[in-house]
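Annotated in TrEMBL:
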- A:GLU146, A:ILE147, A:THR148, A:ARG176, A:GLN190, A:ASP194, A:ARG334, A:TYR338, A:TYR339: L-histidine binding site (BINDING)
- A:75-397: domain 'Aminoacyl-transfer RNA synthetases class-II family profile' (DOMAIN)
- A:49-79: region 'Disordered' (REGION)
Number of protein chains: 2
Amino acid sequence: MSAVPTIRQLLVRPRLCSTALNSSSSPFLSYAPSLHFCPSSLRVLSSSSSPTLTQEEADGPVGKGSSLIDVNPPRGTRDFPPDDMRLRSWLFQNFREVSRILSFEEVDFPVLESEALFIRKAGEEITQQLYNFEDKGGRRVVLRPEITPSLARLVIKQGKSASLPLKWFTIGQCWRYERMTRGRRREHYQWNMDIFGVSKVRAEAELIQAVVLLFERLGIKSSDVGIRVSSRKVLQAVLQMYAIPENLFTQVCVIVDKLGKITREEMEKELVSLGVSTKAVNGIIEVLSLKSLSKLEEVLGSEGEAVSELKKLFSLAESYGYADWICFDASVVRGLAYYTGIVFEAFDRQGKLRAICGGGRYDRLLSTFGTDDIPACGFGFGDAVIVELLKEKALLPDLSHKVDDIVFPLDEVLDGTASSIASSLRKKGRSVDLVEDKRLKWVFKHAERIGASRLILVGNSEWERGAVRVKNLSTREEFEVKIDELD
Amino acid sequence: MSAVPTIRQLLVRPRLCSTALNSSSSPFLSYAPSLHFCPSSLRVLSSSSSPTLTQEEADGPVGKGSSLIDVNPPRGTRDFPPDDMRLRSWLFQNFREVSRILSFEEVDFPVLESEALFIRKAGEEITQQLYNFEDKGGRRVVLRPEITPSLARLVIKQGKSASLPLKWFTIGQCWRYERMTRGRRREHYQWNMDIFGVSKVRAEAELIQAVVLLFERLGIKSSDVGIRVSSRKVLQAVLQMYAIPENLFTQVCVIVDKLGKITREEMEKELVSLGVSTKAVNGIIEVLSLKSLSKLEEVLGSEGEAVSELKKLFSLAESYGYADWICFDASVVRGLAYYTGIVFEAFDRQGKLRAICGGGRYDRLLSTFGTDDIPACGFGFGDAVIVELLKEKALLPDLSHKVDDIVFPLDEVLDGTASSIASSLRKKGRSVDLVEDKRLKWVFKHAERIGASRLILVGNSEWERGAVRVKNLSTREEFEVKIDELD
């Protein structure tokens, strides 16, 4: 029986793939590809013996025996052992702190939602990959692919009891189901900030400031990352120029967003089959190539909302002081069907990674749920690409485990005393590890491993004097301290 | 069309039921039963028009129209609007702080797990109510009902790279699927603390200290709450006395745990049909009624592990200083199949609520997963009962929204200046709400609603002097402050 992975396993398991292999724009990618296999002392999964496994899962570690479980989480999902969890908590703490600074309130929703909330017919990737199923009561439910529809649902539910504008943020896990390929995952966490009830681009300006403040807190500079900004109203204006019916707008946006993933020819074909003339397709592509607002103004004129809103946003960016972070790029459309106005996405200037976050205005989402519309905009910021970027820029902080004290009784009869000392230090808020039945050598190694500041040795001779031996583990100094003076 | 709930709706919808109605021992109960219906200005769900709803869901708010969504989260699940979320965050922060003080590391797992991890045949309620389904790849998966099996899975996966003992905690959502009845929910959050690699009752003593420290932090006293302690080894000893085969042990525990939910007669019947003699059933019931360790010692003798471990635990409790919180109660068995030794549960001394938390030793779980066993124990502490208790004892803290500053330009031409002021305050870490297009009266009301400390008015005359008007909202004092002196 062997617990050593075969070459094939090393090649095909998603967690073993370098993220550099990924060219997709999907946010569902692993940030902590880790290579954990069972040590040989532990029996591991036999792929042929478990009744619940399909061949797709059978490329895990191989062993023999009839009652062995797979030690991996479900395909495409992650465990967070302590190191990964500290990284995640640190990132989420930054999300929360920026949200607090912007005066947003945190909300949350069930990870399981009604499928009806996500059924849209515009051909979006996100709705094609729904992690949906029927529950035992015959209900169509999904592990949510995104959080915006839940936010909108809660806004409707709160109704008049909530005073607009609402500024809400949330951090939650999102899911998708698709055939697994290299390095892609089925879940990721997403920070969302959304403003309901502000129709002016002030809302977008605030959201972009939040994104910039987050980058700055993480040590990322505007020379590392930029934020591309455009507006769906640009495409809308082009459609009007070519007299394309308004009801095609959403589908055109979803198709146009695929450029880069599909060829220009494929995109043209999709647009033409939707009923867009070849002339209009060329017009669309021409406008999408624009990278300056003045050029856009030349093409569309200065009267329309597209140009005036973008100009206002860039002017506010100057006032906020983040103008060097943003640039106009008409090719930004974003893939979600419901965006109606300004859209934006953050990207690494080296062009190695997928979009770091994306957002935009969605003023007409609520009416698709059968209620009156409320102007709204927001963004989603995943937990995967940002960590890849931080790793690449060597900006990950030291997040090792830290503990204040280790209390160690040198004799079994002193375990009560050790309990009482640990308890008293803990009541003062100190983090205390209580160790017994180990050799002193192990305790010192352990102290290093858990980043302990002090070692408190409870020995018989000191105890007789009402004292303990305290070793400061950074200075290596040792003192005898009276138990009631310990703090 | 009416958005007002009918009497029937008020009676049957779980979120509208008083928690006092619940007599079940299940942790899946709502802590924030809230009554949110759509205002009449918003159209709401027509129960007959949605294709995705079953009759079971059709007792929600009723409206007309063909494209209306249900504004409620899936049956048995909760949204967390800002007030509820602040309460949850505060509670979780206390869970995390106690875990830190005990020197535990945080870990996390996917909410979706392989069903195989939870398939146990002892007849536990938790496995009978699995929220399980088949995914599109034909895999049997579950929304996890508990977290311990995932913890065990990760311990196995870490293998020798992790040095024992491992002290891990996690806070995560757990799910169950059952026919909905009053006030019961399908999800709850659970704080878990688990120790792997410590065979002595020191581990249990540490876990119970964590529970007590949590109570103390929340303002709960030992006169409000107690912790009942026993050991599965008590039952094991009784089974040995009556020569009942060891392989019946787990099932006997699961049946005996139901006492209170089922009658004594039903329990007897179940035990007898398992092959336990009536005489042994009487012996079991007699021992389970014991409430003192000395009585237990009289019955079982002082030699066995049951008595010696319990005595050691009570002695350690004296040293830690929490002896007044715990009591021996042989009737505590806990419902999870895998417990093998000490078991405990916290209860309110008024006897109104279900168990607040429960835990125990599970030294033989890992071998059911096909690996060598590691001694382990842990507890699960739900987010529902504790909040009920805190409400009842009036111990919920003031958690209203708080913001440092509101920046308000009195003239539209000053929106750039306002942006720059808000931005500069935010860079100093202050939480700043930027408001425009409102009347001053609204702004003051808003300031009260969001708990703002200062109002910063950006007006033309002050602006000409390079200043703003600052109003301290608690003292009502007003000052003119130079913009570059604002902090």
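Heads up, the Cβ atoms here are built off N, Cα and C, so glycines get one too.
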> If you run the three-state DSSP split on A:GLU146 (L-histidine binding site), which class comes out?
Replying inline: coil
> Could you give the mean pLDDT over the domain 'Aminoacyl-transfer RNA synthetases class-II family profile' (A:75-397), rounded to a whole number?
Replying inline: 95
> What number of additional C-beta atoms lies within 10 angstroms of the C-beta atom of A:TYR339 (L-histidine binding site)?
Replying inline: 25
> For A:THR148 (L-histidine binding site), what is the tally of other C-beta atoms lying within 10 angstroms of its C-beta?
Replying inline: 23
> Which ones in the same chain are close to A:ARG334 (L-histidine binding site), with CB under 8 Å and 6+ residues apart in sequence?
Replying inline: A:CYS253, A:ASP257, A:VAL343, A:GLU345, A:GLY358, A:GLY359, A:GLY360
> CB neighbours of A:GLU146 (L-histidine binding site) within 10 A?
Replying inline: 21
>> Over all pairs within A:GLU146, A:ILE147, A:THR148, A:ARG176, A:GLN190, A:ASP194, A:ARG334, A:TYR338, A:TYR339, the annotated L-histidine binders, what is the largest Cα to Cα distance, rounded to whole Å?
In response: 22
> Within 10 angstroms of the C-beta of A:GLN190 (L-histidine binding site), what count of other C-beta atoms is obtained when all protein chains are considered?
Replying inline: 23
